[in-house]
Structure formats: structure tokens, C-alpha cells
Amino acid sequence: MTDLLGDMRRTHTCGELRVTDVDTEVTLMGWVQRRRDHGGVIFIDFRDKEGITQIVFNPEVNPEVHAKAQTIRSEYVLGVKGRVVNRPDDMVNPKMVTGGIEILVDELKILSRAETPAFQIEDRIEASETVRLKYRHLDLRRPKLQQNIIARHTASRAVRDYLNDLGFLDIETPFLTRSTPEGARDYLVPSRVNHGQFYALPQSPQLFKQMLMISGFDRYYQIVRCFRDEDLRADRQPEFTQIDMEMSFVGEDEIMEITEGLIKTVFKRVRDIDLELPFQRITYAESIDRFGIDRPDMRFGLELNDLSDLVENTGFKVFASVVKKGGLVKAINAKGCANFTRKQIDELTDFAAIYKAKGLAWVKVKADGTWQSPIAKFFTDDEKKAIEVRLDMEKDDIVFFVADNPKITNEALGQLRNELARRLELIDNNTYRFVWVTHFPLVEYDEGEKRYQAIHHPFTAPLEEDLEKLDTDPLNVRSRAYDMVLNGIEIGGGSIRIHSTELQEKVLNTLGIGKEEANDKFGFLLNALGSGTPPHGGLAFGFDRLVMLLCQEESIRDVIAFPKTQRATCLLTEAPSKAAPAQLQELSIRVVNIEE
């Protein structure tokens, strides 16, 4: 049998008592971390989310309580009363904030017993993630995870405080809405009342926040759940949280300034880190040119260099033919790394192949300044000199080359840049480098669909100076979109929106969405745009990713209380599950087994 709580109430947490509290009578409640018996005296590390305090059961102080304590096991929930005393000098633990004291217990209540846990409740855990997620209620007792969840709460409060002070309104938008094309699959919810019709869970509140701007609420925000039925990675979840913002009568500069202040506030509140403002800004074109990708990690160099103009007439036909076909030849100089072995080079070649590179050429600069490489013989001395100057090549350097169409060349070398930085330990994990990437292309061409698709979403405004290209050269139309990138991870993105019905219809038409389809899917927006729409824009931060980086975790699953697996399942509750036949009948749904 367990004890009832009765009128026992906690006076302190397990992380707050110090030597200044000696001789104080206290009541603590929490979990048994571990138990030790020494010469008949029982010592217990007693834990709650605030910390650990050592409690002591001495048979000479209270034999009855001591006898009861002998039944205690790990993860039992206890309530204890006792007196704070100094630890003996040889038992002081300077690694614990409570390490100078212990509680001499004279009253004990066993509030709940526990079976042997599936794993030890410690930060150094050997259990697999599958086991941890199945027993998430135990996993969440670990100090590190509890600190992450508390940091998430602190970040959320900081966001609300900052935006409230700037006159933003926290306005809720619907979860049951209609399906719109936003790049990923929607989660559909069948309507019981309207048979054969479905709601969609929102991938973002995009259209509703634009409606709020049209309605006159000129500063809006939400910390809101969003849903996307997509293939998952370490930084993706089917349901995720974003900080969603929108403002009227603003341009890019004002939005960036406000959001930089928001991020500065969050970092100060959660990590006591003072960020320098403003953040660096580069265009999309510059990011691709220098780093190969649109989410560059700015904590290290290893920038890409374009050699196409130097090799278009070289004797090395692999390079020359690529340039003549409109491709690119680019290179990275890994300074001082000519000691790379053949095995290491082969590993990097295989890595580049993941991103469709057909090969990875390389050149080592020997101590005498000459080239060591299978391709060295194809270049004249003048060509070598020009390449050396362009790449700042010196003895003991190794240079890696990729030659292919622009997309493959940039992507493969951009990812290789990150891989080299990891291997060479160039990344300082205690450094936070932010950069805005601006002026993204408005659209890209989807070869499978044989039509243009919006890079961000269909409501992003084009740059005014590129409007005339919308009909004739849409791939070269730049947008008023911007992403915030932190340490190579996109944590937020937004844009100035289209606030003209005519321009919105024109952009939709460019995307292959004719008037009839546009009215069917976006008629409410198009009608609203004609009601007097202020210029407006905003952005959304991936809150889970932001907290992941703040907590220096590798996966957002470690900063979400109850995350899904990479197969979008909840191992704790075994969701998703089959619906009862009666439920399906109410919804007029029949499940058909499809053989894969």
C-alpha cells in the first residue's frame, strides 16, 4: 500500500537548499534517483525537475522511518520531512549545487511505488531512441530533456513578451480549413456533417494572417501548430510549431529589424548570449556563388571559386566540355590538407556522388610547389598559374573540383564544403552565426510536372524591377523573399506579399493556375485583395529548430515533449491507430487494402 498525501505540502524543491538553510525544517517531494546503504544508514539521491538533494535515513534518529525506507527502490515517489544539516567534510560534493547539505529525514510517505524502469533515468543513457520514445514519460524525467523543455517554455515567454511590447496581437487562426497547394501533402480530416468533404489541417496560417492584415490588424503573431504530411528528417515533424508574424505598411528592412530584435531577446533570455545586430545579409545569387547552397554555414571559410572562365579552353576535356555546354567548374581549396590519404579522397568522392556529382577531381600542391594529381598533365603552366592565383593555392593544399551543370556543381560542392568542415573540425559549436539570404528566385521549373512552381509560396511578391520578366522570363524573376539562416540551418523565412488582385492572378497564372482553379482554391483571397489591402509582409520561424539550436541538440525530437518518429508514429500512444467500424460508417468511409 502507498501513503496518502494528506496535508503534507512541499516547502522547497530539490535544487534550492544550501548551507545557509542548515537547521531549517523542510518538506521535499520527488523521485528516488538512486539509493545507497552505508553501515545501516540509507542515503538517497532525491530528484525533481529543479535538481537533486541527498536525503538520509538514520536508524538512530527514527528507527520506524528507517525501516520503512528499506523498502524504497528507484523511481519511487516520496514525500519527506526533515532537517537540513551540513554534510560531513569528506562527503561534500562540490559538483552539486546542493552538495554541501543533506536532509535528515524524520517523516516519510511513499506516495507511489514504481516497477523497475526500462532504463536508468540519467543523461548518459544507453537505451535506443525507440525505447526512449516508447517510454517517453520516463525519458522526460532525465535532467537534460527537462532542461530542454524548460528552455522551450522560456523561449516561448520571451517571444510573447517581446512582440506584445511592440503592439503585436496574438490572434488564433483555424485548424480546420481547406486544402491549398503549399508544397507538401495535407493532413485531411473528413467531415461527418458534410459527407464526402474534407477539412485540411493547415501547413501554415499564411492566408489567414493575410486576411487579418486586410481586416486592419496591422501587427499579428501566433506560436502555432502546423501540419505537413511529408517524409521526415532529423529536423522535421508531421506536426510542428512555428512563430508566425505579419505586419502591414512595412518593407523588408523593418521586418528584418524587428525579427532580429526578437531573436536577440530569445538568445539573451534562454542562454544569456548577447548577439550582435544587425545580422549579415547576402543575396541568394551570392550565397549560391560563394557557398553552393542557399543556407550557408558562416562559421568557417572554404568558399567555392568559379574556374569556368579559366578552363573553358583547357586540354582537360572533362572541364572544357562542361563549360561549353553551359555548365560550371568550381573548386574548394582545403588549406594545408595535402596529407589526405587516397582512402579519404575516395570517401569524399563517394560523398559528392550522393549529390549527383559524376566525379571529384583533386590536386595536391607538393612542397616544391608542383601539382600532384591525375589531371595535372592536362594543364599548361599558364593555366596552372591562373588557377593557383584564383584559389590562393600554396604548398600542402589540396583542391577539389566538380564540373557539371550549375545545380549539381553548386549543390555537390556546397555539401562537400560542410563535410570538409566537419572532418577538419573547423566548426565551433559554441558560435552562433546568423545570415539573411534575400532575393530568392520567384519560381523554379518542375520537370516532372512540366510547369513552374513557387520557391516559397504563390503569395510572395516579385521585385518591382523584375515584373516585366514575369511573362517572358519567369525563371529570372527575383522575389521579395528572405530566409534567416543560423549555422547552416534555415530557421525562418518570409516575404513581402502580393497585395494586388491583378498581380496575384498574374503570378498564379505563371504557376499554371488558371482563373477557374484560382477562384476555386483562392477565391476568398482574391476577393479580399480587392477590398482595400495594405502592403504587408511577415515571416515564420521554425520554433522547434530554433530551440534545438539553443539547446545544442542534434534533433528536434529532443526539444519536443511528445514527438513522432521518422515514420510519423507515436510510440507512446501507438498512434496512428485503426478507427472503429462505427466511426468509419459515420464518416461514410470505407478502408480499402491496397497491395504494395
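Quick reminder: no glycine exception, Cβ is built from N, Cα and C everywhere.
The site 'Important for tRNA non-discrimination' annotation in Swiss-Prot covers H38 and is backed by sequence analysis. Mapped onto three states, the DSSP output places H38 (site 'Important for tRNA non-discrimination') in strand.
When Cβ atoms from all protein chains are considered, those within 10 Å of R228 (L-aspartate binding site) total 21, not counting its own. As annotated by Swiss-Prot, L-aspartate binding site applies to E182, R228, H456, R497.
Tertiary proximity for the region 'Aspartate' (206-209) is limited to same-chain residues at least six positions away from its ends with a CB under 8 Å from its CB atoms, namely 173-174, 177, 180, 182, 220, 222, 244, 246, 457, 459, 522, 524-525, 538. For 206-209, the entry in Swiss-Prot reads region 'Aspartate'.
The ATP binding site annotation in Swiss-Prot covers R228, D229, E230, Q237, E490, G542, F543, D544, R545, and the record cites sequence analysis as its basis. Look at E490 (ATP binding site): DSSP puts it in a strand. Applying an 8 A CB threshold to same-chain residues 6+ apart, the list for E490 (ATP binding site) reads R295, D483, M484, G542.
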Inset, instruction - Looking only at C-alpha atoms, tell me how far H456 (L-aspartate binding site) is from F543 (ATP binding site), rounded to the nearest Å. - result: 18
Legend entry - Extent of the ATP binding site in Å [max Cα distance among R228, D229, E230, Q237, E490, G542, F543, D544, R545]: 20
Inset, instruction - Any same-chain residues 6+ apart from F543 (ATP binding site) with CB under 8 Å of its CB? Would you list them in sequence order, or say none? - result: R152, A155, S156, I223, F240, T241, Q242, I243
Legend entry - Reduced DSSP assignment, R545 (ATP binding site): helix
Inset, instruction - Work out the three-state DSSP category of E230 (ATP binding site). - result: coil
Legend entry - Around the Cβ of R497 (L-aspartate binding site), the count of other Cβ atoms that are within 10 Å: 22
Inset, instruction - State which of the following recorded positions has the fewest other Cβ atoms within 10 Å around its Cβ: H38, H456, R545. - result: H38
Inset, instruction - Starting from the Cβ of E230 (ATP binding site), draw a 10 Å sphere and report how many other Cβ atoms land inside it. - result: 14
